[in-house]
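Got a structure for you, written out below as structure tokens; questions coming shortly.
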Amino acid sequence: MLLLIDAGNTRIKWALAEDGAAPGTWVASGAVTHADLNHLPASWAQHAVTRALVSNVAGGKLHDQLQLMIPTTAISWFASTAQLAGMRNAYRNPSQLGCDRFAAALGARALAQGQALIVATCGTATTIDAVSADGVFLGGMILPGLGLMATSLARNTAQLPQVAPGATLPAGFADNTADAILSGCLSAQAGAIERACALHGASTCIVSGGAAQYIAPVLRLPFDHRIVDNIVLIGLHSTVTSSPLQDSPC
Ligand SMILES: Nc1ncnc2c1ncn2[C@@H]1O[C@H](COP(=O)(O)OP(=O)(O)O)[C@@H](O)[C@H]1O
Ligand SMILES: CC(C)(COP(=O)(O)O)[C@@H](O)C(=O)NCCC(=O)O
Ligand SMILES: [K+]
């Protein structure tokens, strides 16, 4: 059994896949916040994990904690490289690219092969990346995620409250503070994605991450877009089915 892990700055997402299963076909999956990290071993205990593939962008301490918790010594730490699984990475320094972004791009490409695509991963940060139809990761944008954007207003002003991300976006211009914050933050997120799609001449857009459920519904795009849960895990899984696991530090 293969254990896939996407360790982000807010939550650790994981999935278990039988050997040879198609990308995204999982026996079990889940997510915990960093505070609940200790719950992970119990979730994996009844499965015979023989190897693990981990994307970690949340630092060395989490790396060490995960290494102790993962119930196999056959752990591969996923890293961004110049080329993988038919995709070329045009980042100036390929290893500087967040390995979750590289995995998300591979996952999006596996789902939308041959299309000029944008993959937006809406987590702690929102990352919006472009992949060409012929498989080049062109680069992207990084902005504060929806939660972080809203929290930065509450923390750095005297009069603005902390708003809950789940509230409905008001139509038109807001007539109260909470709705105005929500409208501004959601418009910034959606606007950046729309701008990236226009800049790239994209024909498809995949939206993923914990805040995708709030951002995707307000997107206005002239073509199909869809929410895909756990695009990073799908991308990690796709590398196992198309090429051997890599084993280099992230
Ligand atoms: N149950 C949840 N726990 C934490 N964050 C959530 C949850 N549901 C939605 N979110 C939103 O999603 C973001 C975290 O999404 P996620 O994709 O897990 O981020 P990361 O990959 O950076 O850890 C938070 O910033 C928050 O806005
Ligand atoms: C941009 C990120 C912080 C996103 O992290 P996340 O929101 O998924 O927790 C992460 O991909 C990262 O640390 N990237 C390194 C810099 C780069 O991609 O250029
Ligand atoms: K992200």
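Note: Cβ is positioned from N, Cα and C throughout, glycine not excepted.
Checked TrEMBL, it gives:
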- ASP6, ALA7, GLY8, ASN9, THR10, ARG11, ILE12, LYS13, THR124: ATP binding site (BINDING)
- TYR91, GLY98, CYS99, ASP100, ARG101, THR177: substrate binding site (BINDING)
- ASP100: active site, proton acceptor (ACT_SITE)
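Show me how these features fit into the shown structure, please.
Shown in sequence order, ILE5, ASP6, ALA31, VAL32, THR33, HIS34, LEU37, LEU40, ALA58, LEU62, LEU66 are the residues of the chain, 6+ apart in sequence, with a C-beta less than 8 angstroms from the C-beta of ILE12 (ATP binding site).
Shown in sequence order, SER80, THR121, THR127, ASP129, GLY140 are the residues of the chain, 6+ apart in sequence, with a C-beta less than 8 angstroms from the C-beta of ARG101 (substrate binding site).
Classification of ASP100 (substrate binding site) by DSSP places it within a helix. Around ASP100 (substrate binding site), the same-chain residues at least 6 positions away in sequence with a Cβ under 8 Å from its Cβ are ASP6, GLY8, SER55, VAL57, THR121, THR127, VAL232.
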In whole Å, how far does the CA atom of THR10 (ATP binding site) lie from that of TYR91 (substrate binding site)?
25
Give the subset of the binding-site residues ASP6, ILE12, TYR91, ARG101 lying near ligand 2, defined as CB under 6 A from any of its atoms.
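Once distances to ligand 2 are taken from each Cβ, ARG101 fall under 6 Å.
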From the binding-site residues listed here (ILE12, TYR91, GLY98, THR177), select those whose CB sits under 6 A from an atom of ligand 1.
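Those binding-site residues that pass the cut-off are none, since no Cβ is under 6 Å from ligand 1.
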So how many other Cβ atoms are close to THR10 (ATP binding site), meaning within 10 Å of its Cβ?
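A 10 Å sphere around the Cβ of THR10 (ATP binding site) contains 17 other Cβ atoms.
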Roughly how many Å separate the Cα of THR177 (substrate binding site) from that of THR124 (ATP binding site), to the nearest whole number?
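Checking the Cα atoms of THR177 (substrate binding site) and THR124 (ATP binding site) gives a distance of 23 Å.
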DSSP secondary structure for THR10 (ATP binding site), reduced to helix/strand/coil, please.
coil
